[in-house]
Structures are given as structure tokens and as C-alpha cells.
Amino acid sequence: MSGSQLWAAVVVLLLLQSAQGVYIKYHGFQVQLESVKKLSELEEKQMSSPQLRKSGLLLPDVCHNPALPLDLQPICASQEAASTFKALRTIATDECELCINVACTGC
């Protein structure tokens with residue numbers, strides 16, 4: 001394999017890896033890290049904007065938001081939606097849970 005072919009193979013592998021994204025699996029749900037970041041943004045907006053808040057006794061307020069990412073919407077059907085969203089936000093901010101940091105044990 002020549003140097004240019006090797007270089008092309010490395011570039012293709014890097015592109016494939018970045019296209020896959022980072023997924024979080026929790027209690028049977030698989031969501032993208034970017035979706036969890038969007039969830040946090042939506043919740044922050046709802047907290048700062050009282051007119052966006054709806055009174056949802058059974059569902060977290062964010063479940064009523066049409067901007068909620070598609071991969072998070074099935075969680076709203078769960079009785080554990082609020083605790084699942086909380087756990088996903090916690091996981092998304094923990095580098096060892098996501099195995100971003102190679103120094104983390106168990107990664």
C-alpha cells in the first residue's frame with residue numbers, strides 16, 4: 001500500500017468515526033449525545049421563559065416542546081421520563097461515562 005493510499009484510508013476511517021456520533025444507552029433507550037445537549041438547552045430556555053412552561057403533571061415540560069429531538073421523544077412515553085432525562089444529562093456531562101478521557105478507568 002502506497003503512502004497516499006494509506007493516507008486516504010486514514011481519512012475515510014476518521015470521517016466514518018465522526019459521522020457515527022456518540023450515543024448514550026440508558027434503560028433501553030439509545031440517544032445521541034447531541035440530543036441530550038439540545039435537551040439541556042430546551043430546559044434552560046423553558047426555565048427562563050415562563051410563557052413556554054406548561055403544566056404537565058405526568059410529563060416533564062420539555063415533552064411538550066416541538067423542538068425536542070426525535071430520539072428523545074419515546075422517553076416521554078415512559079413513566080420514568082423525568083428521572084431518565086435527569087440521568088441522561090448527568091451521563092452527558094461525565095467524561096468517564098462517555099469514555100472520552102482515556103485516563104478514565106473502565107473505558
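Each residue, glycine too, has its Cβ placed from N, Cα and C.
The annotation disulfide bond is assigned in Swiss-Prot to Cys63-Cys76 (among others) on the grounds of similarity to another entry. Secondary structure from DSSP puts Cys76 (disulfide bond) in a helix. Listed in sequence order, the residues of the same chain lying 6 or more apart from Cys76 (disulfide bond) and placing their CB within less than 8 Å of its CB are Leu59, Pro60, Cys63, Leu68.
Annotation note: Cys96 (disulfide bond) sits in a helical segment as assigned by DSSP. The disulfide bond annotation in Swiss-Prot covers Cys96-Cys104 (among others).
Per Swiss-Prot, the feature disulfide bond maps to Cys99-Cys107 (among others).
Among the features that Swiss-Prot reports, signal peptide is placed at 1-21.
In the three-state DSSP reading, Cys63 (disulfide bond) counts as helix.
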